[in-house]
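Trainee: My questions will all concern the structure given below.
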């Protein structure tokens, strides 16, 4: 462990889903220029990773360069800190228990009874300090998922309490994100949930140095004094985190409220957040939010439309493009399980994102057909590419029974598998972490739409798939006007397709939304929106 390591711990209270990930990333952004910051997310669920969790239940699965499937908060970490995270930074209780049980079988506990304390907490501590050591970290931002009081989080809370004891209170600060409701009909902010949440944290031996109040409006002086009194913090250590037009306002708001100064004083460090560049981009986003110079309407036709977080990175990609092109992009989720062409007529562009399973397939194909036939700018992602190929095979090449092996039924052989299983996937039965995952090179064909967008013939993008375009059909596709414009480095797997005669009809097997940055938007989203203008 680095001698002068500083640690910021972010916990949540009252309710989940109020933005701990964005809050953690925003605080980290204030320190990124002066310290080597490493974000860590602790999740109490027993899954090894979120790779097999339905996006409707937990939000999108974020894929890293190293192939790790991690919590969606890592998208915020990467975008706010402009770094490439590692899968080891996502500590799940599933990983911890798995490691402990393996150690027990190997006899590493020397015959002792294996218990939650000290063995689980020691394993969590060991993992945290190993990350700090391997990354040569100067500051750790540790976000504990869920809310204080959740049974799943008790051991993580106890672990950070022990860490404070071991490294000294001058090297660690605790930040508690809470919710201050204003019930309808009362028109008054209520501090009691915050008080109870902090008391629960106090019972676990942790006393927050900073309380961040998530609310619809700035806290009144009366509520601020009450929280300060009953939660044992100074009034200036109670920070507003109100609803904003874009999440990129939050680090600027924290900067203006002196969050970096409060934490720097606690940790005895100096920091210069350098917030100017972000402020300029946020200014563009805000001005277009309130008085847009131009509005582009984009339909996202997906099967996980019940939860906005299912496609969080796609929506962030569009925000980044809007900031750089000085316009407002409005994205609307359309459920592909119940879709017809009439839903699409008001949109300037269409995105068909990734997904798994046959549910919602045909609705997505309707959207793709509509975009192709009406020359509507279109971007297909992962499954979106596969379905674009199926639609083209059926409606242009005349292969009416074209389909994917993902829809293969044991009692009904597939006659025209234009999409089939990757060779390396055959024989694999486990679902978790077994796909083609992570960053891989893609070779671009010159004089194509995508080559002109990227300006180079070799790129690195992130993948998450089991199926690919069947090469037996590529010649037929290209004779009918579809171009395979990107391949794997061995030229065996099609990674990008496009239809040159259309304004913008591009589909990729990878996920461009996973590497977008507000300062550098993903190229395919940039191309899509430019075609819509």
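Keep in mind that glycine also has a Cβ here, set from the backbone N, Cα and C atoms.
So Swiss-Prot lists these for the protein:
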type     : residues                                             : note
ACT_SITE : 382                                                  : active site, nucleophile
BINDING  : 16, 190, 191, 192, 193, 194, 195, 226                : UTP binding site
BINDING  : 16, 150, 151, 152, 190, 191, 192, 193, 194, 195, 226 : CTP binding site
BINDING  : 73, 143                                              : Mg(2+) binding site
BINDING  : 355, 383, 384, 385, 386, 406, 466                    : L-glutamine binding site
DOMAIN   : 297-533                                              : domain 'Glutamine amidotransferase type-1'
Trainee: Given residue 466 (L-glutamine binding site) and residue 73 (Mg(2+) binding site), what distance in Å do their CA atoms have, once rounded to a whole number?
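Mentor: With distance taken Cα to Cα, residue 73 (Mg(2+) binding site) is 24 Å from residue 466 (L-glutamine binding site).
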Trainee: So if I measure Cβ to Cβ from the residue listed as 'active site, nucleophile' and keep only same-chain residues at least 6 apart in sequence, which ones fall under 8 Å?
Mentor: 353, 354, 355, 463, 464, 465, 508, 509, 510, 511
Trainee: According to DSSP, which of helix, strand or coil covers residue 190 (UTP binding site)?
Mentor: coil
Trainee: For a quick check of understanding: among the binding-site residues 192, 466, which residue's Cβ has the most other Cβ atoms within 10 Å?
Mentor: 466
Trainee: Which of the binding-site residues 190, 191, 192, 194, 195 has its Cα closest in space to the Cα of residue 385 (L-glutamine binding site)?
Mentor: 194
Trainee: Of all the binding-site residues given, namely 190, 193, 195, which is spatially nearest to residue 406 (L-glutamine binding site) at the Cα level?
Mentor: 193
Trainee: Spatially speaking, which of the binding-site residues 16, 190, 193, 383 is closest to residue 143 (Mg(2+) binding site)? Use C-alpha to C-alpha, please.
Mentor: 16
Trainee: Residue 226 (UTP binding site) to residue 383 (L-glutamine binding site): how many Å between their Cα atoms?
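Mentor: Checking the Cα atoms of residue 226 (UTP binding site) and residue 383 (L-glutamine binding site) gives a distance of 52 Å.
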Trainee: Quick one: Cα separation, residue 384 (L-glutamine binding site) versus residue 73 (Mg(2+) binding site), in Å?
Mentor: 24
Trainee: So which one is it: of the binding-site residues 151, 383, 385, which has the fewest other Cβ atoms within 10 Å?
Mentor: 151
Trainee: Would you pick out, from the binding-site residues 73, 406, the residue whose Cβ has the largest number of other Cβ atoms within 10 Å?
Mentor: 73
